[in-house]
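Annotated in Swiss-Prot:
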REGION    1-241  region 'Pyrophosphorylase'
BINDING   13-16, K27, Q84, 89-90, G151, E166, N181, N239, R344, K362, Y377, N388  UDP-N-acetyl-alpha-D-glucosamine binding site
BINDING   D114, N239  Mg(2+) binding site
REGION    242-262  region 'Linker'
REGION    263-485  region 'N-acetyltransferase'
ACT_SITE  H374  active site, proton acceptor
BINDING   A391, N397, Y398, S416, A434  acetyl-CoA binding site
REGION    465-485  region 'Disordered'
COMPBIAS  469-478  compositional bias 'Low complexity'
Amino acid sequence: MSASDFSSAVVVLAAGAGTRMKSDLQKTLHSIGGRSLISHSLHAAAGLNPEHIVAVIGHGRDQVGPAVAQVAEELDREVLIAIQEEQNGTGHAVQCAMDQLDGFEGTIIVTNGDVPLLTDHTLSALLDAHVEVPTAVTVLTMRLDDPTGYGRIVRNEEGEVTAIVEQKDASAEIQAIDEVNSGVFAFDAAILRSALAELKSDNAQGELYLTDVLGIARGEGHPVRAHTATDARELAGVNDRVQLAEAGAELNRRTVIAAMRGGATIVDPATTWIDVEVSIGRDVIIHPGTQLKGETVIGDRVEVGPDTTLTNMTINEGASVVRTHGFDSTIGENATVGPFTYIRPGTTLGPEGKLGGFVETKKATIGRGSKVPHLTYVGDATIGEESNIGASSVFVNYDGENKHHTTIGSHVRTGSDTMFIAPVTVGDGAYSGAGTVIKDDVPPGALAVSGGRQRNIEGWVQKKRPGTAAAQAAEAAQNVHNQEG
């Protein structure tokens, strides 16, 4: 039988102040890999498919409560909330959680909201170990080369846990033990409920310790065992910004490795950052300095980077995106983007289309094979198929109060430095001359031009800027011209 065959509940402790973060944001709301710390913990808990998940919140609960609700919506399952009004220790926090688990009988796993690397696989292994042999408590432990600062796991000859001894209370013999407490436990619900009622705060901190449940259970003749995690890095807690960065780097390392094993080439893993929700296809090439964030989807045979940041983007098969910042938009098959392109939300570039250097788009739909090659702003616009927008063109969409839409047809050719004063429509097959300001609709197949004829005022520089280098150059050129004439 596996963990999924047994009744379980998961309690996630997230009530602490997290003062070492030195932040106005509650500790578990800091993010790595595109998720908050508590989101990582809740996703791991949900991976067990337990009957109940309870999040215990307290400090900063006005921030944490809505965040938990959002994660519950993403998971499409209920996450119960327990409030710890005063942070009176881990035992007290679990007491608060038990109010939400009234009548539950089964296994209760207690984990923390600041262990973002902990996986559902490890929690499942803990649950399996707990139910394999009837046990009151199973401690998830880890072995460390340097266990300094951690509570040591003391076992008897049968391998049962007899004590968890904190560093300050440990003898030299016990300090030599490399197996330590991770702070994650599996409990028999009935035994936990009974032991919690017996907790005392007669300790240096004046708090109720969850670890005291182990002694109470053993005192009543119940077995306490341990399950050792295969990867201690999963159980690293985050208490300050340094540990946040370390956890983020380790999570990213794992995510990048998974992408490479899935068929992507990542040229420089050290400078490539990929959020956990990102999807990457096969035969993808990712160049240095690339960040793939949010729910970005990278199709097969896409090339990304270098120096590219994509957030909630969909890049379809065969496209190329170089030195680009893009948000909440879609790039079609075999399209090309960049370099130095800024794609704002609501952009759709069709298959085989192009957004070139120093192009910015926003709420723009650009059809199959259409190109915006250089130095252009396209906002609130629709461009048909196989059209070409000349360099340095601007879609003038804002009148100071409202945004307006521009529609460009298919097979349109516009000259450089064309201004489209929205709302305006350019029909299929139309052209515009360089420097044209289009204020009125252009019929299909028409050539739009604007502005008066060029007028040259002879001698203006010598008259208005006498003695300047420009005036001297002009006079010299005129003398040469007169001599040749």
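Glycine residues also receive a Cβ, built from the backbone N, Cα and C atoms like all the rest.
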Tell me the Cβ contacts of Y377 (UDP-N-acetyl-alpha-D-glucosamine binding site) under 8 Å, same chain only and six or more apart in sequence, or just say none.
-> V359, E360, T361, S393, V394, F395
Tertiary neighbours of G89 (UDP-N-acetyl-alpha-D-glucosamine binding site) (same chain, Cβ under 8 Å, six or more apart) | S201, Q205, E207, L208, Y209, L210
Roughly how many Å separate the Cα of K27 (UDP-N-acetyl-alpha-D-glucosamine binding site) from that of A434 (acetyl-CoA binding site), to the nearest whole number?
-> 56
Helix, strand, coil: count each for the residues of the compositional bias 'Low complexity' (469-478), based on DSSP.
-> 10 helix, 0 strand, 0 coil
Mapped DSSP class for G89 (UDP-N-acetyl-alpha-D-glucosamine binding site), helix or strand or coil = coil
Alpha-carbon spacing, N397 (acetyl-CoA binding site) to R344 (UDP-N-acetyl-alpha-D-glucosamine binding site), which is rounded to whole Å = 15
Max Cα-Cα distance in Å among A391, N397, Y398, S416, A434, the residues listed as binding acetyl-CoA?
-> 22
From the binding-site residues L13, G151, N181, R344, pick the residue whose C-alpha lies nearest to the C-alpha of S416 (acetyl-CoA binding site).
-> R344
Of the recorded positions listed here (L13, D114, N181, R344, H374), which is spatially closest to Y398 (acetyl-CoA binding site) when Cα positions are compared?
-> R344
Sort out the sequence-distant neighbours of A391 (acetyl-CoA binding site) for me: same chain, 6+ apart, CB within less than 8 Å of its CB, listed by position.
-> P373, H374, L375, T376, S416, D417
Using DSSP, break the region 'Linker' (242-262) down into helix, strand and coil residues and give each count.
-> 20 helix, 0 strand, 1 coil
Would you mind giving the whole-number mean pLDDT across the region 'Linker' (242-262)?
-> 98
What are the non-local neighbours of G151 (UDP-N-acetyl-alpha-D-glucosamine binding site), defined as same-chain residues 6+ apart in sequence with CB under 8 A from its CB?
-> I164, V165, E166, Q167, V180, N181, T211
